[in-house]
Structure formats: structure tokens, C-alpha cells
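Record features, source TrEMBL:
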REGION    B:1-33  region 'Disordered'
COMPBIAS  B:10-21  compositional bias 'Low complexity'
TRANSMEM  B:37-59  transmembrane segment
TRANSMEM  B:97-125  transmembrane segment
DOMAIN    B:101-312  domain 'ABC transmembrane type-1'
TRANSMEM  B:137-159  transmembrane segment
TRANSMEM  B:183-209  transmembrane segment
TRANSMEM  B:230-252  transmembrane segment
TRANSMEM  B:291-313  transmembrane segment
Amino acid sequence: MFRVRRPWRLFAEASALVIAVITAFPLYWMVLSAFKPAGEIQSTDALPWTLNPSLDSFRRVFEQQDFGRYFLNSLLVACAVVVASALIAFLAATAVTRFRFKFRTTLLIMFLVAQMVPIEALAIPLFFLMRDAGQLNTLWSLILPHIAFSLPFAIWMLRGFVKAVPEALEEAAYIDGASRTRFLWQILFPLVFPGLVATSVFSFISTWNDFLFAKSFIISDTSQSTLPMALLVFFKPDENDWGGIMAGSTVMTVPVLIFFVFVQRRLVSGLGGAVKD
Amino acid sequence: MTHQATAAGPAAVSPKTAPAPAAKPPRKRSGRKGGRWTPWLYLLPALVVLAALLVYPIYQLGLISFLEYTQAQVSGGEPTTFKGLGNYRELFADSQFWQVLLATVLFAAACVIATLIVGCVLAVLLTRIRAVPRLALMMAALGAWATPAITSSTVWVFLFDPDYGPVNRLLGLGDFSWTYERYSAFALVLFAVVWCSFPFVMVTVYAGIKAIPTEVLEAASLDGASQWKIWRSITAPMLRPILVVVTIQSIIWDFKIFTQIYVMTNGGGIAGQNLVLNVYAYQKAFASSQYSLGSAIGIVMLLILLTVTLVYLRLLRRQGEEL
């Protein structure tokens, strides 16, 4: 669609490749350092490859720090949040798109405003709330707030997907004698599912990445820790165990990368659709 | 990516939205079975969760900011007393607060501008190149996007490590410590922030450019419009709604940065030189147990972000979006 002269296009493509390499470099360096033997990491003359990859750093991370357990905790929290917020948001999005009722617009604006709330500032009141509910040091103290924080955006994002299902389909279902509940779960839900996947990326990532709540609410029971806190154990001023940190970072990044690759097409088309409408 | 967008069908009208098509006339549905309570039934779980874990904590945050609430009150040693605006007075009289506020605003502005420039330039670049380099750049960007804030923080600190990092060696900076000085530490955090936030801008703006109908552009160039003219009269106006969305989103994200600063500068830098409001509130509340001061800072942040949101809503409304 753009008539670009050839030397220009070659130049543009070359710069795109260079930028791609620069952008990918931190991730490459992370994985590389995780596999480097200790001697090579502590060398002042860092090479961009290694001839003797070793699993020592990973072994140290999993043995000293019980990373496997933290990994499962993180995964459990993230999955619980994804499933719960997707279901709740689906119901709410259906309500605000397929019904007209009083306060509908007000509610929508509230959902929009709620996305802007600096959740980090809420760590203080949530800390006391969780303490009073006796949930400090449990995974619930992470799951519950994250469901609440991912809901407003999920509802906004799902709205368009629910809206796109033709009204005629709904009418037809009712004429065929389907109940409202049946329509909701057996017809609408499968049709909106791709949208749910795109939405879940955001809840998964914000939960998986959470560091502040993990740090504030899981204070004394380390068996309930999630990955970010475990990672920071290796992070000491002046004498960082870089091999351990990079191995831990790799373990923490890979699931998100897999998840992203998995839903990448849906994500881009979801955003594309958001923009297109 | 256009074919994917059509393949996936549903056009999500999220906050990131272009002007919606003309409003459909509202349909009455209260007559149908289920009645008018059905929408509220569907909304119930969401409203309960949000009331308990979002609205109530915001109320509590406001309340605590008006109380005398330190370790003594938390452990029940002393009764909580109402301090009125006392905490705010104390906060506003503290020169460090103003310094942190200024640093937060400037740092967020720098991050937003850098992210937008990088994201938009690369989005335009993506439209001018063939599939293979485009896929390479897209994949690399998605990788950066997917990287958790905490691991990107550790990786960037390691890349810029004075002893073992490759960057200093490449640039010949010797053992220059990036985190020791205030501005270089902020610059380091900025690199990490831009690295993981430009992909969102790039992908969104790229999708926006692709969404402009090719016929319009072809017609314009057949009519003899120059590239610059096409950009100014067609592309830019059609992209404006998207640019508003990514700008506001970036402002909100970058204003609230916590993890990167906390991890990379080890809790706010030497003598608090790299503090931003979020980290400052956290340090006040959880490190020195001054929960009420921390809450007051939280309220200040909330008000600033609320203002940004209201501006955003006005802009959306001016574009005539139907909610």
C-alpha cells in the first residue's frame, strides 16, 4: 500500500532486524547467563556465548530455595485469578451489553475509573483487611485482590466480544425454547471464548508479575511465597549471585512467554479489533 | 494481521477504542422472561468482589489518612485518634515529598514520551517492511512485553552491572556504576521501562494504521496527494483516538511504577534519591510503620490519576463514543 523505493525498504528492513536483535538481547542474555558455569559469569570479560553450558545455577535455585514450590504457588494464584475473573467478567459484560437498565452508563464509567486506581496504594488498607480476615500469609490474600483488580479491565475488554454476537442468534435460541441460562452458557459462552482468552492474558500477567502484594502480605510463612520474593533472596547488594538470579528469572519468564506465544494471535487480533471498531 | 482480526470476528470495544458506529436505538427487553432483575443478577458477583476488595479499601485508605495510625495503634497499644488533615499538613510541609512528587512527574513524563516515540516509530516501520523482518521485530517485541517487570528489572541491572555486565564493556565505561548516581539510575530504570512498554504502543498503533482502509490511501495518492499530505490529512486524524488511548494508558502505567524502581535501585536509591510516589508510600507505610502518612500519599496519587481519568473520559466523550 505504500510505494517505498527499494534502497529505502532495504534500509528499513535492516534497521528493523537490528532493533529486533537489540530488543531480544536482554532475554537472550538472561537465558545465556542462566546456563553459564559460575566461573564465566564472574568473569569481567563476558562473552556472548558459552561453550560449557551447565545446569548448576538451576540446581542451586531449585535446591536452596525450593523454587518448585514457589513456582506452583505462583501458578496456582495466577490460574485461580484467570478462571475466576474470566467467569465473573463474562457475566458482567453480558449484563452491560445485552441489557438496557438504569445506571448502566454510570456502571460502565465506574468500571473505567476503577482501572485507574493505583492498586499499589491499596496495599495498606488491604493489608489490614487481610489481617482482620485472618488471610495474611495465605495464597487467598493474593488471589482475592487480584481478581478484583483484573475485573474492570476484563469487563471493558469483553464488552466488545459479547456485543459482536448477533442479536438474531439470541432471538432464535429463545424461539427454539432455550432458557436464558442455557443461552448464556451453551451459546454465548463458546462464542465469546476467544475474547476470554485475550482478556486472560492481562489478568495472568498482572497476577504473575505481582511483587508488591507478595512482598506485603506473605510476611512470615515462606512456604506460601510466590516467585518474585524467592528471586529477590538471591539479590543482595554488592554480592549478587547473578547465576542464580538469571536462572530464577528464566524460570519465571518462560511460562509467560509460552502463554504469550500461545495466545499471541488472539491478543493482537483482540487489540486490532479494539482499534478497528 | 488484518486477516486475523477479521478471522477472530468480535471487535472489542475496550478503553482503547476508535469512534463507535452510530448508536443503535436502545431495545426494550424487560418484557422477556427473567425480568428486569436479570442484569443485576449477572452483575452481582462482579459488584460484590469490587465492593469488598476495591471500593472498601479505597474508603479505608481515605479513613487511615485522617487518623494517627502507626505501629502503636496497629498492635493495639494506643487508641487510634482522629487527626483530621494533620497527616496531609505534615506531608505537604516535608520538602522530601515535593521532591519525590516532582521526580515522579518528570520520570513518568520521560517514560511516556520515550515509549510513545519508540512505539510509534516502530509501528510506522512495521508497515514499510516485508513479512520476515516484520515477524522478527514483532516476536522480539512480544518477548519484551511478556517479560515480568521483576525479571526485566534483574536482567537490566545485570546488563548494566559495573563488574560483569556487557554494556559497560561494550561502551568502554569501565566500572561506572549506573545505580550510584541519581540521574544515571533513573536512566537505567527508564531503559527497562521503555523496553517492556513500547511493544503495547507499537502493536496497537500498528493495528490502527492497518485498519485504515487501503482504498482511501490509494484514492488519495491517485489524486496526487503527497506522502506528507496523506499522513497529515488521513493517517494522523484516523490515528488520533488510538494515540489518545495509548498516551493515557502509558501515563497511568508509568505514573504507578513500583517494581522496577524498587528492585533496580534497591528500594529507592541511595538516600532515597530515586524514590517515586508509589515506592515512597510503601516505604513510609511498611518500612517505617507510618501507615497514615503512607495512606495520605496514596490518596494524593489517587487524586492525580483520577484527574487524568476525567480528562480521558472527556476526550472519549468528545469523540462521541457510545458507552
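Yeah, the Cβs are placed from backbone N, Cα and C, and that goes for glycine too.
Across B:37-59, B:97-125, B:183-209, B:230-252, B:291-313, stretch B:183-209 shows the highest tally of CB pairs under 8 A with the transmembrane segment (B:137-159). For the transmembrane segment (B:97-125), the partner stretch with the most Cβ pairs below 8 Å, chosen from B:37-59, B:183-209, B:230-252, B:291-313, is B:183-209. Scored by C-beta pairs under 8 angstroms, the transmembrane segment (B:183-209) has its highest count with B:230-252, from the stretches B:37-59, B:230-252, B:291-313.
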